[in-house]
Amino acid sequence: MKDLLKFLKAQSKTEEFDGIKIGLASPDMIRSWSFGEVKKPETINYRTFKPERDGLFCARIFGPVKDYECLCGKYKRLKHRGVICEKCGVEVTQTKVRRERMGHIELASPVAHIWFLKSLPSRIGLLLDMTLRDIERVLYFESFVVVDAGMTSLERSQMLTEEQYLDALEEYGDEFDAKMGAEAILALLRAQDLEHEIATMREELSQTNSETKRKKTTKRLKLMESFLQSGNKPEWMIMTVLPVLPPDLRPLVPLDGGRFATSDLNDLYRRVINRNNRLKRLLDLAAPDIIVRNEKRMLQEAVDALLDNGRRGRAITGSNKRPLKSLADMIKGKQGRFRQNLLGKRVDYSGRSVITVGPTLRLHQCGLPKKMALELFKPFIYGKLETRGLATTIKAAKKMVEREEAVVWDILDEVIREHPVMLNRAPTLHRLGIQAFEPILIEGKAIQLHPLVCSAFNADFDGDQMAVHLPLTLEAQLEARALMMSTNNILSPASGEPIIVPSQDVVLGLYYMTRSCVGAKGEGMVLSGAKEAEKIYRAGLASLHARVKCRITEYVKNEAGELVPKIELKNTTVGRAILSLILPKGMEYALIDPPLPMTEAGKAELAEHPERWIKYVSNQAMGKKQISKVLNTCYRKQGLKDTVIFADQLMYTGFHYAALSGSSVGIDDMVIPDAKKDIIAAAEAEVAEIQEQFQSGLVTAGERYNKVIDIWASANERVSKAMMENLSKETRQNSLGEDEVQASFNSVFMMADSGARGSAAQIRQLAGMRGLMAKPDGSIIETPIVANFREGLNVLQYFISTHGARKGLADTALKTANSGYLTRRLVDVAQDVVITELDCGTSEGLWMTPLIEGGDVVEPLRERVLGRVVAEDVLKPGTEDVLVARNTLLDEQWCNTLERNSVDRVKVRSAIACESDFGICAHCYGRDLARGHLVNNGEATGVIAAQSIGEPGTQLTMRTFHIGGAASRAAAESSASVKNTGVIKLQNAKSVENSAGKLVITSRSSELTIMDELGRTKESHKLPYGSVLEVKDGQAVKAGEIVANWDPHTHPIITEVAGRIQFENMIEGITITRQTDELTGLSSIVVLDVNERTTTGKELRPTVKLVDANGKDVLIPGTDVAAQYFLPGQAIVQLEDGAQVNVGDAVARIPQASSGTKDITGGLPRVADLFEARQPKEPAILAEISGTISFGKETKGKRRLVITPTDGGDAHEEMIPKWRNLNVFEGEKVQQGEVLADGPESAHDILRLRGISPVANYIVNEVQDVYRLQGVKINDKHIEVIVRQMLRKCEIVNPGDSDLLEGEQADVVRVKIANRKLVAEGKQPATFRRVLMGITKASLNTESFISAASFQETTRVLTEAAVSGKVDDLRGLKENVIVGRLIPAGTGFAYHHGRLEKRRQAAKAVVPVTQQATADEAEQNLADLLNAADNLNA
């Protein structure tokens, strides 16, 4: 028996493999797979349910229906294993062979494989250089094709209609050979000499100049080369033998009532066999040509339907009018093999139930219903029962468990001890959607969840359900405990901030207990310590909010690093003192009670009246943000364990005091301000006035509408301001008898103020006014809802507000689907980015500066570089001293150092610049955000990045924003004023000084920045061309000063030299007209548009030249170019010919069409556009090269822009539509990549003209803008990881000595590796330029065809892979999941490394492989063993 077991173990050993190759199957290969030919369309006998012989379920071909039993029943039982029954021909073996044995059908006529025919581009068409239409006409018997022209004037693969064929037959007889149907295509493919074709095509490529021809030839060449290299033969794309799927994979199940449920494939196979057999008969009978042709065409259609139903013509439908599911449908789509069964499986040892709240649990625990636990832990219980000797067999143990005997519960308790379970809440949007907990057995049927982990799961208790999974093996339990335990996941992997943060009740409780109240019971007491504070509160001698003096003990680290107590008398409140009891040792008291900064006046008052200290107690209560900050500080200072305990204590305390506070909301809590009536009345009066003006024709309809909306918007603001002031403050008398203003104890206000629930905007709707509402099309209705919810809405108001509510619901549904799809694309593109090495050694990276918009620092440098590795030494500003050495990980301490030394730009390592071949290195990635140290090898950073970007997707909006009304008017600014005091610094600004001694800006992208005394950038303002500066570079300014002015409505042309004006080609009535202003009486010259001019004026170009007193041209300083300014159409000149001008004067002005309401694409669609690298509609036009601008000959709708390079290379020309507003003038110098015409910039242009860093910065900043608007924090590095994946392809510019083709797209890594090899051999490496690819395209273009096929467009990916005989090396995560291996990341990283090492060792020492026994030998051995065993028994 032992031998037998050993033998069975050896049988089930799987082959080790390192890769999977896909290719075309030759007819011989198909026959070698097959166990026999299927000749009949019959399936099973309806009476006996036995499979018919030679049919689709034949037992002789596919194996026995019952284990170890032949069909006729002559041989039964294991001992006859391997015998072939002489009566029914069935081999006696296991029935599972019916899942793996294939059959085949010998086709009477060859048939084209529809994938290689119809999947675009058609592979057969490309190879034969025929159009798909022509090939289809041949295949479906509509025309002939010449296969062999012989000595005739016909050409090979020439199409002939029926008549032409007959004519040719008459003319040439059997000199030539023409056929129709798949035979013809087969003959053509066989006749192709690939090597010869490739040689001629390479010849052609080197000679041709036509772009289209080159593209087409390159495509054909690549296809032929891939055929040649892969060993596939082109004629295998035409099938002569059809494989038949094993029957158990296309089951036929009898239902009750004599009907059968069957897989659609059986119907499809039946049609093929029927038609094939009929065709064979017809051919034997030598039937007329037309009949045979029709039958062949039907066979072709039947095989098409079997392989991919509906790909050509109408889909074949079953009895119930729905299309049959073909082989291709089996594997593609959400319900296909890949996504349904390989990537997402259902799991054993799992259960699900509703969740309820478990406020008494510890952070690492969850409550598990006893019933569930008993079911999940069954095998463990059976095992324990047996080892204890309480049950003799498994069966007995099973009985005991079913009876639920008392001892079973005791054993369950033991089994469950320290055995973590995993809880999962769908949708699992990020890795915190599955966490491990220790189960606590509870009565009832609901799982209890710890309140603090709800935000990670995004769970609430309104009926949410969660699934429980049980890690079985020791390794699984270890991973669950060490990596997935809720206590090990305190920080969010997206931003590195705590995700275990109290919310709602807990926040309210903590806020309530840390509030101070004027004149509360016990005010002014002096207490001996926090314990006493708790005593007097419990005894009812003092209120929780009473302001008292209390001795607080803090623990501070001394020189030796030990904690020593430090006792201090502090002005605080009773509640804060009590809260300090749960603070971990080593945390400062100031975190929960920040001391008030003392002013001089305050100190003087206290010296005079010491009893007034009660007025100097901080009135800052702890809100949600503050609590989060405390937890974060605790984690960084005290470590994980203390933080977890502290978080739990905070929660218990919060719940306790929230209950004691008795906070509740009544209708009287929503106090409506008295000023509301007056504000609304005033607004209505203003609206009436505007209406009158409109009726008397003073304002246009559009202006009136905008005005009205403005009026109501500001009225709404005023009402809500009045309401908040009214609600948030109250006056009370303190113990000294003085009145003090304090924050109100109104419940609604407290909830919003603490961050527990609600916001000012919601309170505004409850107690202010609801305000303006939008119509379904997005436009704003001009009559607002003046009522609020407390007053109640009337019918009209209610109806108006339903629009928004309904749109919100529809949006949410759309948003969820869109967001999920974005996450899926992101995961797919980044799935194989894993940390593979410690340091790739690059010194490249990104420059990080604080993000500043106008006067506000949006994101300080500290937040941008925290957790990054420095790429170049950071020098102390103004010196050469190294402050931070290269390759240092910037943690909180280093960031403090940077801030102290006021560094404002740092070059950090980035995933985009990482030089690792596969994956990225730890230094380029930096800190693992969820753990707070340098990232470990094998961390799946790509998936984490994708989850971090995709998870908040549902919070983003779906809509396009319209800026209208107030916002659009605010946009037309005419000056810049500073918010901070500091020193002016101009960035890339060219300027001239005008006669008044002020600087006039003459460059496009100038910025004015304000530096503080330490040299840090505080704010920055963009200065348009022609702005007049009120200050000089380096001048000190005070906050609120105006630093620059400009005219927002016109675009000036500034002269850079002084001189006299001379007009050229300015002819009145032909190129210009004069206009006189009615109000001022001043006349000005207006240049006519080209299309307004007469024919004589079309060619003329109105110009203003500057000449000196002698009439000579004045040159632009520093060049030998004459100062002349060409005037575009509509330009206004207010000077006369011969007038004198100074430097910095405007010679002309171009009126700017007021940029109307621009639509800003926001939210999810914007993020998707960025990651898909879509071209914007009208992108900004960038300068292709650096040089001088001039304008060439104009065409009807476009003007010709010419850039002449300064170094004398070839000029670059470009046609630009007339209506585009150009930012440049003739003769201006531009740098490559500068904006010539405004518009949304295209990421592709930025990459091409400015390089990789700018495009990375652009995408990162644009994506961050969208998320920042919603208040979502995501670390930049996640977006960088995705951008790295978008940049992984390149276009070959010059192939050098490599075997790449010019213009071909290839993986950057592959090219780099090939180049290294070429350089080592002393050959010419290939040159390339990087290409930006959208995430969908990048996913489909991965190295791994398994990963691409399981993403989208399965058919196309597999067709392409098969033709080129691709090998999948199983490098990424998806491929390994699909073949059922550990993924090469996380704990599987070491396993894969070990396998690699083993392979390397094996390659070094090649040993003769011991031949494995063939199946037949193995069966023979087993039969011998069994017989021996039987003999022994006998």
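Note: Cβ is positioned from N, Cα and C throughout, glycine not excepted.
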Name the one residue among CYS840, CYS895 that Swiss-Prot lists for the same Zn(2+) 2 site as CYS914, CYS921, CYS924. CYS840
Find the shortest Cα-Cα separation between ASP460 (Mg(2+) binding site) and the binding-site residues CYS70, CYS914, CYS921, and name the residue that gives it. CYS921
Looking at the binding-site residues CYS72, CYS88, ASP462, ASP464, which has the shortest Cα distance to CYS914 (Zn(2+) 2 binding site)? ASP464
Which of the three DSSP-derived classes (helix, strand, coil) applies to CYS921 (Zn(2+) 2 binding site)? strand
Would you identify the secondary structure of ASP460 (Mg(2+) binding site) according to DSSP, in three states? coil
Whole-number Å value for how far CYS72 (Zn(2+) 1 binding site) lies from CYS924 (Zn(2+) 2 binding site) (Cα to Cα): 69
Other Cβ atoms within 10 Å is the metric here; tell me which of the binding-site residues ASP462, ASP464 scores highest. ASP464
Could you state the whole-number distance in Å separating the C-alpha atoms of CYS840 (Zn(2+) 2 binding site) and CYS85 (Zn(2+) 1 binding site)? 65
List, in sequence order, the same-chain residues at least six positions removed whose CB sits under 8 Å from that of CYS70 (Zn(2+) 1 binding site)? ALA59, PRO64, LYS76, VAL83, CYS85, LYS87, CYS88, VAL90, GLU91, VAL92
Determine, using Cα-Cα distances only, which of these binding-site residues is closest to CYS72 (Zn(2+) 1 binding site): ASP462, ASP464, CYS921. ASP464
Fewest other Cβ atoms within 10 Å: which of the binding-site residues CYS72, CYS85 wins that one? Let me know. CYS72
C-alpha of ASP464 (Mg(2+) binding site) to C-alpha of CYS921 (Zn(2+) 2 binding site): distance in Å? 40
Give the three-state DSSP assignment (helix, strand or coil) for CYS70 (Zn(2+) 1 binding site). coil
I'd like the number of other C-beta atoms within 10 A of the C-beta of CYS840 (Zn(2+) 2 binding site), please. 19
Long-range same-chain neighbours of CYS921 (Zn(2+) 2 binding site), Cβ under 8 Å, sequence gap at least 6? ILE835, THR836, GLU837, LEU838, ASP839, CYS840, CYS914, GLU915
